[in-house]
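Chemist: Below, the features straight out of Swiss-Prot:
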BINDING   His13, His15, Lys98, Asp246  Zn(2+) 1 binding site
MOD_RES   Lys98  N6-carboxylysine
BINDING   Lys98, His135, His173  Zn(2+) 2 binding site
ACT_SITE  Asp246  active site
Amino acid sequence: MTTLTITRPDDWHVHLRDGEVLKDTVRDISRYNGRALIMPNTVPPVTNTEMALAYRDRILAEQHGEQFEPLMALYLTDNTTPDEIRKAKATGKIVAAKLYPAGATTNSDSGVTDAKNIYHVFEAMEEVGMLLLVHGEVTHNHVDIFDREKEFLDTVLAPIVNDFPNLKIVLEHITTSDAANFVNNASDNVAATITAHHLLFNRNHMLVGGIKPHFYCLPILKRNTHQQALIEAATSGSKKFFLGTDSAPHAKGAKESACGCAGSYTAHAALELYAEVFENEGKLENLEAFASLNGPDFYGIARNTDTVTLEKASWDVPETMPFGSDIVVPIRANEKIEWEVK
């Protein structure tokens, strides 16, 4: 196959940051996506409706594709109220709220200290039909970083799923076979996003032969057996899994340091990277469902009506890309990618 035309895709989990870098991050994300769900862990975090709408306006001011629509999410804290959820839902522009366990990832210090603290907020979300997005890791110091997703599933997410059966939940950027199995065995109200980098890489890529800081992300890359389980889930055709890049840019110097930031930048070539994975598995026919259909169907949003075309054409990823007044190192920098969106 040398060309593949699919319904225009969406990205259901992306970080654009804020300020001067928006001109670059929005350029990449709006190049061929119809919509993108924008993560709210900016500085300061997007904790209320007014902040979300203002952030949306700043994004729209930089968009490059007329077809592009940013979808917004609220950042849940111990102080989030049911009234704020209702207010956000009423805008029609804020489609979800994000649960970050405090300290779990970049700019998550204001996150929720205990999910039970906001059960009344989950009740309101269930009532109005707002989706719950979950960063699925515990933050206890005694739990090994490679085990934090599994521990979260057992101790935090399972009770939420049980206590709120009508709440739609997306387990974001899953990284383990445990998470894939959890989603497969849960009700149809539970789904998951999977990143391109967790499909393409495992912890050996990050650690063998020297530390590769641009592969460092949270949740952290796991062993090969987990990577294979993610590939199987993503390419299976199951409606429970869909595209969410978790593209998370940091300036080159913030990554290549003694205490580097977590996050990998893939928005420059996300669909092309996913296409490589699906082609390698002989499952290109399932890429459209994963990238373009399952996400809007789960969110209850109309599918995009136009298309994009991928061509089998090798191209070189640049060593760096503009990031405001700085630069970012994209995934596969100085390497070739075998598909290209035309």
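For all residues, glycine too, the Cβ spot is worked out from N, Cα and C.
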Chemist: Residues near the Zn(2+) 2 site, Lys98, His135, His173 excluded, by Cβ within 8 Å of the Cβ center?
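Modeler: Apart from Lys98, His135, His173, the close residues are His13, Met39, Leu99, Tyr100, Thr105, Leu133, Val134, Gly136, Glu172, Asp246.
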Chemist: Cα distance, His173 (Zn(2+) 2 binding site) to His15 (Zn(2+) 1 binding site), nearest Å?
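Modeler: Pair distance, Cα basis, whole Å: 13 Å.
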Chemist: Where does Asp246 (Zn(2+) 1 binding site) sit by DSSP, helix, strand or coil?
Modeler: coil
Chemist: Quick one: Cα separation, His13 (Zn(2+) 1 binding site) versus His173 (Zn(2+) 2 binding site), in Å?
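Modeler: The separation of the Cα atoms works out to 8 Å.
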Chemist: For the recorded Zn(2+) 1 site formed by His13, His15, Lys98, Asp246, which further same-chain residues have Cβ atoms within 8 Å of the site's Cβ center?
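Modeler: So the extra residues in range turn out to be Val14, Leu37, Met39, Asn41, Leu133, Glu172, His173, Gly244, Ala248.
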Chemist: If you measure Lys98 (Zn(2+) 1 binding site) to His173 (Zn(2+) 2 binding site) at Cα, how many Å is it?
Modeler: 13
Chemist: Taking the Cα atoms as reference points, how far is Asp246 (Zn(2+) 1 binding site) from His135 (Zn(2+) 2 binding site) in Å?
Modeler: 11
Chemist: Taking the Cβ of His173 (Zn(2+) 2 binding site) as the reference point, list residues of the same chain whose Cβ is under 8 angstroms away and which are at least six residues distant in sequence.
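Modeler: Residues satisfying the criterion: His13, His135, Thr193, Ile194, Thr195, His198, Pro219, Gly244, Asp246.
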